[in-house]
Amino acid sequence: MKNVLHSAVRNGSAFVSILDIVNMCQDQLDEPRFVVKFCDMLFRVYADNKMFGEAVGVFDYMESRGFEIDERSCMVFLLALKRFSTLENCFGFFRRMIKLDLVTVYSLTVMVDLLCKKDMVEDSRKLVDELVSKGIKPNVFTYNTWINSYVKRKDDEAIDGILRLMEKDQVEYNVVTYTLLIDRYASSEKTTDGERMFEEMHKKGIQGDVFVYNSIIDLNCKVGNMKRAFALFDEMTEKGLLPSVQTYGALINGVCKVGRMEAADMLVTEMQRNGIELNLVIYNTLIDGYCRNGMIDEAREVLVIMKNKGIEADEFTYNAIASGLLEARRIFQEMKEKGITPNIVAYNALIDGNIKKGKLADPKNLRDEMMNQGMKLDKYTYTSLIHGECIYGTLEEALKLYQEMSERGLPKSLVTYTAIISGLAKAGRSDEAFTLYEEMIEAGVKPDDSLYSLLVESLH
C-alpha cells in the first residue's frame with residue numbers, strides 16, 4: 001500500500017482530493033482503524049516526498065476527526081521540515097505537537113539541534129525549560145547538542161555549566177560527550193585534560209569509536225606528541241576501527257609540523273592503498289609542510305596533482321606557496337650577502353617562484369648563473385623552466401629543454417609530462433602530445449584522468 005501511495009504522489013495522481021477518498025473509506029468501512037492507518041501512511045508518504053502542504057492537510061484532517069496521531073510519524077515530518085523547510089514552519093509544527101501532547105525528548109532534541117545550528121542556543125534552552133515543566137527532560141543527546149555548540153564558540157564557562165546540569169540530572173556521558181570534550185581541549189592544546197577524558201571513558205567501560213580516536217589523535221598531533229598519536233592509531237586499528245580521512249589528516253598535519261615529510265608521504269601512500277581520497281585540507285597540509293621545509297618543487301608537484309584531481313586551490317593553498325617562496329628568496333639573498341654560494345635547491349626555489357610571478361627572464365638568468373658556477377641542472381630545474389616556457393607560449397624552447405633532459409638521462413615526473421603535454425595539446429599538436437603520453441606510460445609514470453581528457457579535447 002505504501003509503495004502504491006509513493007508512486008501516486010510522485011506521478012501527481014494523489015492531488016485529486018485524496019481526503020475525499022478517506023471520507024468515503026470511513027463512511028463505508030466498519031473498521032475505523034483502517035482509515036487511521038491509511039491517513040498515517042499518507043502523512044508519512046507526503047513527508048518523504050517533501051510535499052509539506054499536503055502533509056499538513058492530512059494532519060489537519062486527522063486532528064479534526066480526533067484520530068490517534070503517531071508520534072513517530074510526526075518525527076518523520078519534523079525531520080523533513082528541518083532539512084528542507086524553514087525554521088518558522090518547523091517550529092510551527094512543533095508547537096502543534098506540543099499542543100497535542102505528541103512531543104518526546106527525541107523530537108525536542110531535533111528542535112534543539114535546529115536552533116543551535118541557527119546560532120539560537122539560548123532560545124533552545126528556553127524551549128527545553130518550557131518542556132521540562134511538562135515532564136519532558138533533556139537526555140544525553142540534548143546535552144551533547146549544547147556542548148557541541150559551546151565547543152565551537154570556545155565558551156568554556158557555558159560548557160562547564162552544561163556539565164553541572166548533567167551531573168545534577170544524573171545524565172551519564174556517552175562516547176559522543178567524551179569526543180566533544182576532547183575536542184574542547186584540543187582547541188586549546190590541553191593535552192593532560194584531553195587524555196584524562198579519554199582515560200575516564202575507558203574506565204567507565206565505554207567503547208571508543210573512530211570519532212573519539214580521531215579527536216585524541218588530533219590533540220596529540222597538535223602538540224607534536226607524534227609517538228603517542230601513532231600509538232593511538234595502532235590501538236584503534238587493533239580494535240578493528242577503520243581510520244578515516246580525518247584520522248590520516250590529523251597524522252599528516254602532525255608529521256608535517258615536525259618536519260617529517262617522508263612520514264607524510266608514507267601516510268599518503270597508505271591512504272591511497274586503503275582507497276581513501278585526499279581532500280583539500282590534506283593537500284593544503286602537504287603543500288604547507290613542503291614549503292615550510294624549503295621543498296618548493298615538491299609543494300608544486302602536490303599542487304599540480306591536486307588540480308588534476310579537480311580540487312580547486314583556495315586562499316590557504318596560495319598563501320602557503322607564496323610564504324615558502326618569500327622565505328626562499330630571503331634566504332637566497334642572505335646567503336649571497338654572507339658570501340655563501342646558494343646550492344641547487346635554493347636556485348630551484350627561486351626559479352619556480354619567479355615563474356609563478358610571471359617573470360621568465362629572471363629564471364633564465366638564474367639558470368645561466370647556475371651553469372656559470374658549474375652546477376648541473378636537475379629534473380626540478382628543467383621542470384620549472386619547461387613549465388614557464390609552456391605558460392608563455394614559447395613551446396619550441398620547452399621542447400629543447402625537454403630534449404636536454406632526455407639526453408642527460410634525467411627522470412621526468414608527472415609534473416614534467418603534464419607541463420609539456422598540456423603545452424602541445426593547447427597548441428593543437430595532438431600527435432606529439434599523444435606520443436609523449438605513451439612515453440610517459442612506458443616510463444612508469446601514472447597519468448591521471450584530467451590529462452587524458454585534455455588530450456581528447458585537443459582532437460576536436
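Every residue gets a Cβ built from N, Cα and C, even glycine.
According to TrEMBL, the protein has these features:
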type   : residues : note
REPEAT : 104-138  : repeat 'PPR'
REPEAT : 174-208  : repeat 'PPR'
REPEAT : 209-243  : repeat 'PPR'
REPEAT : 244-278  : repeat 'PPR'
REPEAT : 279-313  : repeat 'PPR'
REPEAT : 343-377  : repeat 'PPR'
REPEAT : 378-412  : repeat 'PPR'
REPEAT : 413-447  : repeat 'PPR'
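Note on the repeat 'PPR' (244-278): DSSP counts are 26 helix, 0 strand, 9 coil. Between the repeat 'PPR' (279-313) and the repeat 'PPR' (413-447) there are 3 or more Cβ pairs closer than 8 Å, counting only residues 6 or more apart in sequence, so the two stretches are in contact. Outside the repeat 'PPR' (174-208), and at least 6 residues removed from its termini, the chain residues within Cβ reach (under 8 Å) are 140-141, 143-144, 147-148, 151, 154, 156, 159, 215-216, 218-220, 222-223, 225, 236, 239, 241. Using DSSP to sort the residues of the repeat 'PPR' (104-138) gives these counts of helix, strand and coil: 25 helix, 0 strand, 10 coil. Averaged across the repeat 'PPR' (174-208), the predicted model reaches a pLDDT of 93.
Away from its own ends, the repeat 'PPR' (209-243) comes close to residues 175-176, 178-179, 182-183, 185-186, 189, 191, 194-195, 198, 201, 250-251, 253-255, 257-258, 260, 274, 276 of its chain (Cβ-Cβ under 8 Å, at least six residues beyond either end). Shown for the repeat 'PPR' (413-447): DSSP residue counts in helix, strand and coil, namely 26 helix, 0 strand, 9 coil.
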